[in-house]
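As written in Swiss-Prot, here are the features:
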MOD_RES   S430  phosphoserine
MOD_RES   T465  phosphothreonine
MOD_RES   S469  phosphoserine
REGION    429-446  region 'Basolateral sorting signal'
REGION    446-470  region 'Basolateral sorting signal'
TOPO_DOM  1-17  topological domain 'Cytoplasmic'
TOPO_DOM  39-61  topological domain 'Extracellular'
TOPO_DOM  106-109  topological domain 'Extracellular'
TOPO_DOM  131-149  topological domain 'Cytoplasmic'
TOPO_DOM  171-179  topological domain 'Extracellular'
TOPO_DOM  201-231  topological domain 'Cytoplasmic'
TOPO_DOM  253-267  topological domain 'Extracellular'
TOPO_DOM  289-298  topological domain 'Cytoplasmic'
TOPO_DOM  343-355  topological domain 'Cytoplasmic'
TOPO_DOM  377-391  topological domain 'Extracellular'
TOPO_DOM  413-470  topological domain 'Cytoplasmic'
TRANSMEM  18-38  transmembrane segment
TRANSMEM  62-82  transmembrane segment
TRANSMEM  85-105  transmembrane segment
TRANSMEM  110-130  transmembrane segment
TRANSMEM  150-170  transmembrane segment
TRANSMEM  180-200  transmembrane segment
TRANSMEM  232-252  transmembrane segment
TRANSMEM  268-288  transmembrane segment
TRANSMEM  299-319  transmembrane segment
TRANSMEM  322-342  transmembrane segment
TRANSMEM  356-376  transmembrane segment
TRANSMEM  392-412  transmembrane segment
Amino acid sequence: MGGAVVDEGPTGIKAPDGGWGWAVLFGCFIITGFSYAFPKAVSVFFKELMHEFGIGYSDTAWISSILLAMLYGTGPLCSVCVNRFGCRPVMLVGGLFASLGMVAASFCRSIIQIYLTTGVITGLGLALNFQPSLIMLNRYFNKRRPIANGLAAAGSPVFLCALSPLGQLLQDHYGWRGGFLILGGLLLNCCVCAALMRPLVAPQVGGGTEPRGPQRPPQRLLDLSVFRDRGFLIYAVAASIMVLGLFVPPVFVVSYAKDMGVPDTKAAFLLTILGFIDIFARPTAGFITGLKKVRPYSVYLFSFAMFFNGFTDLTGSTATDYGGLVVFCIFFGISYGMVGALQFEVLMAIVGTQKFSSAIGLVLLLEAVAVLIGPPSGGKLLDATKVYKYVFILAGAEVLTSSLVLLLGNFFCIGKRKRPEVTEPEEVASEEKLHKPPVDVGVDSREVEHFLKAEPEKNGEVVHTPETSV
């Protein structure tokens, strides 16, 4: 991709794997929690919005849809901003946008205005926080990156369990307008998290001002060269197919229980079970992925997590009572947590640190399309058949397909491809090929010595340096 470029500074910065990285992890935990839980948490205000504006449930549901679409669909824009201005400034602006959108929504007089404020402005603000926080986390952690990603991903279920009751409490005491205003103030904490994202600085030589190591070539604002990487292409296709069905069961499981005659309170408790299991599944999956013997096979572990999730959906379609749905939510929470902990760790392992900011933006854009297709397609299938199990079968089939795409694509297209020829001197030396004569050529050391000493005019000038003299 042509156009403007930005220099990100010196190379050779080693991930500290701790230190200030724990503060970055804490900030990423909070940002991930807000980003994923907020679109679901605002749903507690939907009934009051329906009464206020005289609209239907489908009209209010667009608020969450627009929030998710902005979170996923603005990925490339976030990548450009991060590569141009850096993570911390982008997150500070994003925190202001997220707060401003909710504060402005508290003064809205129509649902369209809420779409623009809560949906577009707050959604954009959360997107400008979510992606840079992941980029900073992956710059601060290398050896401990899997467990760091798992702990950060745990912010989603933790905040979901906290924000939904908080939203209900605010609505009961202050109404939806007061609740939106207070939530807007709460989102200013994103700016605090942005302040924690301290850029890594290259080490200095002898206290001087010159950074150690070579300068990195200027980086494109949006690096489309990732599409030349077969590993990235396979990951992007698999992730897009996965998202078609991944979010469908949590959307429909409560209605599925109510359709069986389960009371509303018990039906809603299913999501609490799912979220509680998810809290522990994510860091556990990150810890397992970080083990030395497991980490080289993280792509296959991610494929297994997707397969596990799809298989759980298929078995959940056979549930006939509340107990069956409880068992489904337990296993779905485990598999869902594994997927959440591994998805960005695997992407980072595929594309590397330098291309991660562009890669994650492009992947989120592709997933945005799938997010807008998946749950609505499940709803249309439900309207046509009136049978919930078909919705779960469709979701399971989509996630299973994505796991097979990743597994087979990685095994046949990546795992078995020939290793490229070694061109770097350091790599050549490690392969013991440096200065190694062909097998069929014999070398007489006496003739070589005579040639160098007696006939220098045929050989050119011989220069002795401390590095070449023995």
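Every residue, even glycine, has its Cβ placed from backbone N, Cα and C.
Between the transmembrane segment (299-319) and the stretches 110-130, 180-200, 232-252, 268-288, 392-412, it is 392-412 that has the most C-beta pairs under 8 angstroms.
Here the listed stretches are 18-38, 110-130, 150-170, 268-288, and the one with the most C-beta pairs under 8 angstroms to the transmembrane segment (322-342) is 268-288. Listed stretches 18-38, 85-105, 232-252, 356-376, 392-412 were compared with the transmembrane segment (180-200); the greatest number of C-beta pairs under 8 angstroms is found for 85-105. Spatially, the transmembrane segment (356-376) is adjacent to the transmembrane segment (232-252); three or more Cβ-Cβ distances between them are under 8 Å for residues at least 6 apart in sequence. Counted with DSSP, the topological domain 'Cytoplasmic' (131-149) comes out as 15 helix, 0 strand, 4 coil. Mapped onto DSSP helix, strand and coil, the topological domain 'Cytoplasmic' (343-355) counts 12 helix, 0 strand, 1 coil. Through the fold, the transmembrane segment (110-130) approaches residues 31-32, 34-35, 38, 42, 49, 53, 55, 59-60, 62-63, 65-72, 74-75, 77-78, 81, 90-91, 93-102, 104, 180, 187, 190, 193-194 of its own chain, all at least 6 residues removed from its boundaries and within a Cβ separation under 8 Å. When pLDDT values are averaged over the region 'Basolateral sorting signal' (429-446), the model yields 49. By the Cβ criterion (distance under 8 Å, sequence gap of 6 or more), the transmembrane segment (232-252) is counted as touching the transmembrane segment (392-412), at least 3 such pairs being found.
Secondary structure counts, DSSP: the topological domain 'Extracellular' (253-267) has 11 helix, 0 strand, 4 coil. Helix first, then strand, then coil: DSSP counts for the topological domain 'Extracellular' (106-109) stand at 0 helix, 0 strand, 4 coil. Using a Cβ-Cβ cut-off under 8 Å and counting only residues 6 or more beyond its ends in the same chain, the transmembrane segment (392-412) has close neighbours at 230-231, 234-235, 237-242, 244-246, 248-249, 252, 256, 299-300, 302-304, 306-307, 309-314, 316-317, 374, 377-378, 381.
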